[in-house]
Amino acid sequence: MADGVFQGAIGIDLGTTYSCVATYDSAVEIIANEQGNRVTPSFVAFTSEERLIGDAAKNQAALNPKNTVFDAKRLIGRAFDDESVQKDIKSWPFKVVESNGQPLIEVEYLDETKTFSPQEISSMVLTKMKEIAEAKIGKKVEKAVVTVPAYFNDAQRQATKDAGAIAGLNVLRIINEPTAAAIAYGLGAGKSEKERHVLIFDLGGGTFDVSLLNITGGVFTVKATAGDTHLGGQDFDTNLLEHFKKEFQKKTGNDISSDARALRRLRTACERAKRSLSSGTQTTVEIDSLFDGEDFSANITRARFEDINSALFKSTLEPVEQVLKDAKISKSQVDEVVLVGGSTRIPKVQKLLSDFFDGKQLEKSINPDEAVAYGAAVQGAILTGQSTNDDTKDLLLLDVIPLSLGVAMQGNVFAPVVPRNTTVPTIKRRTFTTVADHQTTVQFPVYQGERVNCTENTLLGEFDLKNIPPMQAGEPVLEAIFEVDANGILKVTAVEKSTGRSANITISNSIGRLSTEEIEKMISDAEKFKSSDDAFAKRHEQKQKLEAYVASVESTVTDPVLSAKLKKSAKDKIEAALSDALQTLEIEESSADDYRKAELALKRAVTKGMATR
């Protein structure tokens, strides 16, 4: 490699199954690896002698299944007990162990047992992509723009940034995959000043995003985004693998579930069959000596493949409906529907999408495997001042956060500070106060999600604001300041206004227990469960009203001047009603109606008592 440092920043699409790298030098170039392939498998293999990354790792996977690691993107930024992690562990041939609540990958390397974090495995893939670029450019690469699914949460974004740092890269920006693809499409389509609504449908190997953008000239504004960080080509392969596994068992009586090598060979054949069925209507899967000397041969038609995956294919339309709803536009107002990600080559996926948009012609003008890296390279050139042509010089990218951010208030009620689909970077403020007299510490638990009840959302982290001057409840003014940077990474600061005391947290190591089901359904659940959310909010509101009224009655009854004016019988009745109200407050199961009735009964007793003075 020649001396010197590359002044620009490369663009890396770090994919679940394949990765791609691009550079910008007056125009974007997708860089092929040493095998001449423009995409590189996101695989890392460990042997007694060496470590292999990319094609070399994937090619030996069947011979060394337990030490060949893939799908690191499905682990990154997730907790070990995440539902999707637990489900994936069952199908992976490599071992995943738990350490401090985080998943680690255990392999045999250089004849020793070693463990690696998902960030480390991802950093190895990033290093490979960096080396591919350096071989082409002839200079050392230090800066990169790395892409993530739009629906990645705070923990997953931060972990990806960390992987870049481990790979020796200064990650200038984390950008969303569909937004990067939109840049590739928007520039390729020729810059038009006419306003266009463009829907990016990005179905890759392991993740799925839908983003709706408004493109006007060089300004790309994301209006809404939705998706599933655990849906892609891998899942279609898995369903096909299950189908053939049963077929093999029916034919031979052999169950290959516990044979990692047989499973890897069958998965590779399934991936090949899936690709064949995108162009042909049927294909044959043939594997010599799959298990116990038994050969396996089976035919599969496109129709059968579509049937096996019909539920997953149909589920891709839910985020499409969601973004249209969030962006408040009808499907007829969408000017272009752009396909991104290798899995959009599947004819059935295309047909469902086209039918949804009333037979609309889908945009296939950009390469679905390369568009994301292309857009990342353009962004890299802009951030390093290397963009030379007019198209890219004036380009402005306005992205959004995928899920609301906020804090838990008394009663575990979620108080959103930054609503979902807010353009980033952003700073939002919200004022809070104390709930008890002379309270000197307030805890700020920070959540991400769409539900009223915080337990239904993801806890990202928590911090305390201490040394608040002791005052009556409700008097201190505490301001929570949420700053989301252009990477979508959050910093929260709380300030007590009278003293200027502050505490803050950068949510860099989020607790990250967002299960796939929660991510997938968070927004649709918020609608489906709106009634229970409303009931939760109403109950909390009534409880607060009762608590406030009880406190005022207690102060009246205990005030020597006021209580002396009450007849004993009236005072007894008020105290009895007060006791009932306190009991209602103590019962966990009390409903909003129970609190309302208790408040009414207490009000009656007080009104009567005061009238008989």
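Any Cβ shown, glycine's included, is placed from N, Cα and C.
Less than 8 angstroms from the CB of ARG272 (ATP binding site) sit VAL285, each of them six or more residues away in the same chain. As annotated by Swiss-Prot, ATP binding site applies to 16-18, LYS73, 205-207, 271-278, GLY342, with the evidence given as similarity to another entry.
Annotated region 'Nucleotide binding domain (NBD)' per Swiss-Prot: 1-391, in sequence order. Confidence for the region 'Nucleotide binding domain (NBD)' (1-391), expressed as mean pLDDT, is 94.
For 392-402, the entry in Swiss-Prot reads region 'Inter-domain linker', with the evidence type similarity to another entry. Using a Cβ-Cβ cut-off under 8 Å and counting only residues 6 or more beyond its ends in the same chain, the region 'Inter-domain linker' (392-402) has close neighbours at 24, 150-153, 175-176, 179, 183, 187, 217-227, 378-379, 381-382, 418, 420-424, 426, 484, 486, 488.
Residues or ranges marked as region 'Substrate binding domain (SBD)' by Swiss-Prot: 403-613.
The region 'Lid domain (SBDalpha)' annotation in Swiss-Prot covers 516-612.
Residue counts for the motif 'Nuclear export signal' (574-582) under DSSP, helix first, then strand, then coil, are 9 helix, 0 strand, 0 coil. As annotated by Swiss-Prot, motif 'Nuclear export signal' applies to 574-582.
Packing around TYR18 (ATP binding site) is summarised by its Cβ count: 22 other Cβ atoms lie within 10 angstroms of its Cβ, all protein chains included. Panel annotation: around the motif 'Nuclear export signal' (574-582), residues 546, 549-550, 553-554, 557, 566, 598-599, 601-602, 604-606, 609 of the same chain, lying at least six beyond its termini, place a Cβ under 8 Å from a Cβ of the stretch. The binding-site residues under consideration are THR16, SER278. Their Cβ neighbour counts within 10 Å are lowest for SER278.
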